[in-house]
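S.K.: My questions all concern the structure below.
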């Protein structure tokens, strides 16, 4: 079990390489637009580096905090995250960007409460699934609490609207409940209800319907709704195997919207080619495998579910983001974790990695 013993190193190395790659690519994808908008080509990367430093400091701190402490703080963390989500709907409090109210603005700093809410739900599930292990097959005790409470948080995220985060969290909840032994019959019944409900939700939110139509045929409106994904295809296509070279990409020159955020993976494909794309995917695979090994070696079920949930959260989001920019899935509005520009996502992701690392540390104590 040499690999399991080295899980901490694999976790740390893959995380640091992803963060370092993010710093490089955020600069490469943003310097043109930063110069145009702010007269400073380093505008975005300077902010990104600050958040990376804050995140890495918190990563070290949280890796030293005994993860069992979160058992006692489960409900305060959960309630606090729900309150922050609720604040988004207070007129004048929630900060609206691009038609979505997902941010709170405090002293000039914007924060996305859904990032904290995702971690809060995982902590709750780890606590609840362990506590209810003996009655996990029960509908009223093993199924309902572990679906309804996360469901409230997911619904609050959905109406912001933030469909991508809601979908990611929903998949993570389903997998964690399945792994914990929640009745497959109950989970199947849930799926049977969710699928038609999802259709209604997509039909209700016009932008979701448009994204689905664009996904099915982006060339139907190449200069409108299909423009972004078509530019993403062009980025991957022009990159080939070896790429055009770091900083030499053309799609970031005001062709590809959100090149330094949600669609940064497209520019990686354009500038670093298939080799760069493969390297990034490999880093996420290493991250997932190391996180999975930490979960399997945890001292207790709480540690197992906590490490697994946080690992899934990051890798699921990465998988969905990469699938979207390659046209495999409709647009979700998710950043590429640990790489994309965005302080809330980067900081909370590094905190999550710190918690996973502490599960490993405690699992290897005598």
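Glycine is no exception: its Cβ is also placed from the backbone N, Cα and C atoms.
As listed in TrEMBL for this protein:
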- 12-35: transmembrane segment (TRANSMEM)
- 47-67: transmembrane segment (TRANSMEM)
- 73-94: transmembrane segment (TRANSMEM)
- 106-127: transmembrane segment (TRANSMEM)
- 139-159: transmembrane segment (TRANSMEM)
- 190-208: transmembrane segment (TRANSMEM)
- 229-247: transmembrane segment (TRANSMEM)
- 272-295: transmembrane segment (TRANSMEM)
- 302-326: transmembrane segment (TRANSMEM)
- 338-361: transmembrane segment (TRANSMEM)
S.K.: Mind checking which residues of the chain, 6+ beyond the ends of the transmembrane segment (302-326), have their Cβ under 8 Å from one of its Cβ atoms?
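M.R.: Contacts of the transmembrane segment (302-326) (Cβ under 8 Å, skipping residues fewer than 6 from its ends): 67-68, 70-71, 118-119, 122-123, 125-127, 129-130, 164, 167-169, 171-172, 175-176, 179-180, 229, 232, 236, 262-263, 265-266, 281, 284, 287-288, 291-292, 294-296, 332, 334-338, 340, 349, 352-353, 355-356, 359-360, 362-363.
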S.K.: Hey, which of 12-35, 47-67, 73-94, 229-247, 272-295 has the most Cβ-Cβ pairs under 8 Å against the transmembrane segment (338-361)?
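M.R.: Of the candidates 12-35, 47-67, 73-94, 229-247, 272-295, 47-67 scores highest.
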S.K.: Between the transmembrane segment (139-159) and the transmembrane segment (229-247), are there three or more C-beta pairs closer than 8 Å, counting only pairs 6 or more apart along the chain?
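M.R.: Contact between the transmembrane segment (139-159) and the transmembrane segment (229-247): absent.
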S.K.: Return the stretch with the most CB pairs under 8 A relative to the transmembrane segment (229-247), choosing among 12-35, 47-67, 73-94, 272-295.
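M.R.: Maximum Cβ contact count belongs to 272-295.
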